[in-house]
Amino acid sequence: MSPSVPPLGQGQPISRLSAAPSMRVSSPSAFRGSEKVVPSEIAAPPAGSTPSPGAPTVQDLRVPPGGPSPRLAGDPLSVLVGSPISLRLIPAPALGPPSPLVIWRRGPTVLAAGTLGSAAAPPGLAQGYRARLSFDQVSGTLELESAEPADSGRYTAEVIHAGRERELQEVTVRVYEPVPQLAVAPADPVLEEGASELRLRCVGAGPGQGRLSWSRGGRPLEAPSGDGEGPARLRIEGVDLVIARLKRTDQANYTCRIQSPFGASEATAAVTVLYGPDPPVITVSSDRDASPARYVSVGSNVTLRCAAASRPPAELSWSLADPREAAVPAGPRLLLPGVGPAHAGAYACLAANPRTGLRRRGLLNLTVAGGVPGASVQWSGLPPDVPASPELSSTLVSVPVRPQLSGVTFTCLGRHLAAARSCSITLKAPQEVLLRLETGASGPEAPAVALEATGCPPPARLAWAREGRPLAPGGGGRLKLSPDGHRLLFGNFSLEHDVGNYSVLCSGPLGAAGDRITLIGPSVSSWRLQPADGAAVLTWDVERGCVVSGFEVQARTEKPEPGATGLTGGAWTSLLLLGPGERSAVVLLPSQPPGPWRLRVLPTLGGQPGTPSSSRSYRAGPVLGPGAIAGIVLGSLLGSALLAALLVLLGCCACRLWGSRKKKPLISPPASSTPEKTRSVTSVGALHPSPQGFATEPSPSWACPVVAPSQAASASPKGVPRTVRSATQV
């Protein structure tokens, strides 16, 4: 027979076949019946159960009565070598009459065939299995003693009933050898990177023991793996694992494992791959510099570190690039404290692998920034007739002086390993020279006075003059110059000798400029007096060259008391003493006497009074200003106008009410009204505003006349008739 059934997977469940291919069997010549595959269900051992060695292995082939769709076994029947195998039909076929015929096969080989029943002829057994094979003619059970690896295969039971369809059942039997003790050879091999091949053999593994698998680092190796550089580098050949063209990443623990329903066994070998050293890499660090790979500063502490990938770790040592220099101490670090220009140069790191015998060398060029090399300087913006310096490091350039250079900017660009910087200089002639007066009281009789000139930066120089004549300060006189010549100091200023015109001239290579000032005695140029919340606010100004060391705010009463002295007696009394920089003051005057008061500002220089300001009158208490008075007048006029309008309105209303009582209302039919009168008539049902702005409500019994532009006579206030236009509201 030639069944066309998909092979059962190893340890994988079989799906139900709803339309399984037909299996045609050549039945015995004595049987005359139809040929049809009859369904059956094979009862496999419970999932996860492990048969015990030596115990009979029984497989029940359940035959559902009358069922037309067969079921194949879920899991193969696992049998240990030497254990018996028993295949039964459940339920047992009916014994007839006529008795059924049962045929057992393993693949195409017929193992046993016989008719069921006690009186039936002995069954036929295969020639090579008679010593181990037996057939029960009552139940149709097939028993095979002492299972051997060759007994693995697919077993088929065919039950033939006369006049009925044939029944076919199948089961797969796998016979396993006992799980052996395994080992990997060679054990813990050590190779160098680039070796052509490593073959690991799983010693003890053989056919029939179970499923053989390999893993690396706990991860299974299922299929050959390649790296894109030719054939697969890792492949499984029988019980061998082959690794071609070894790499450093191939170092790992490799495990071979055999798994069967009766147990598992595994063995591991550690593979070591030697490599390197790779070219050493030198890195530099500094405690001062952000980019030590470019340069390090003089005096900084520098550390060189060397790293080279290697297995086993490489032995590292240092030396200068100059072969005449002796090697420095070995190790991955080289410390250079307080580096100087002598430390600049090339450094070498030597890496050696004692197992592979390879040696590699790495170089680093250390640059120490500290004058060597120097910075380069380049100028831009120079006039066309000024040739550029042939040396980039020139920091000095000569430019001919001419007035046209005022306002021109020159730029220098400096480049160095540490940084790049630029500077600019703008040539300017003196333009805004200003003299400023400074006054301070150094004593009651010796005020400190000074003139300061600004806007004359060096290299320009200052020349002072008085009344057009040059001044030569110093020599023990009262006039002195500051060391930079910008301040003219008056040792003991005198109104008799030191007032007058002073000038200064600032001269430079590109031009000159100056300023002048006239010094005068202490005086007030203008001042104002304003009352505010029961106090007097004074503000004043002085001339630019006014020499003053302080101000006094003075007051006196305009109504002196007879026999009184001081403030109430009419004498000027100082109320406030202010410094030379003050220009305003707030004075609170006493309520008694009530005033009015006279106020003024007195400038002083040292202990000498200056020219006082004019005096102004001040009265304590609220005082109406011009704005308040104007507001009161306008408010009075507006109130009078409103009162007059109200009186006129009341008079008009009284006249209208009196007229409505004297006359009956006139009713004009709409048909007889003229167009002019028609336009003057309005609806009765709405409120109508009066000329005075009030709303009037119509009455159902009488009509109120409304004043309108119509020709009618009315009395004027003077008795003169006035023509008005009247209309009647209906």
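Just so you know, the numbers here start at 1 and follow the chain as drawn.
Just so you know, glycine gets a Cβ as well, placed from its N, Cα and C.
Where the annotation comes from TrEMBL, it is an automatic prediction and has not been curated.
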Quick test of your reading of TrEMBL: among 151-170, 611-630, 711-730, where does it put region 'Disordered'? 711-730
Please compute the mean pLDDT of the model over the domain 'Ig-like' (70-174). 85
What does the DSSP secondary structure composition of the domain 'Ig-like' (180-272) look like, as residue counts for helix, strand and coil? 3 helix, 51 strand, 39 coil
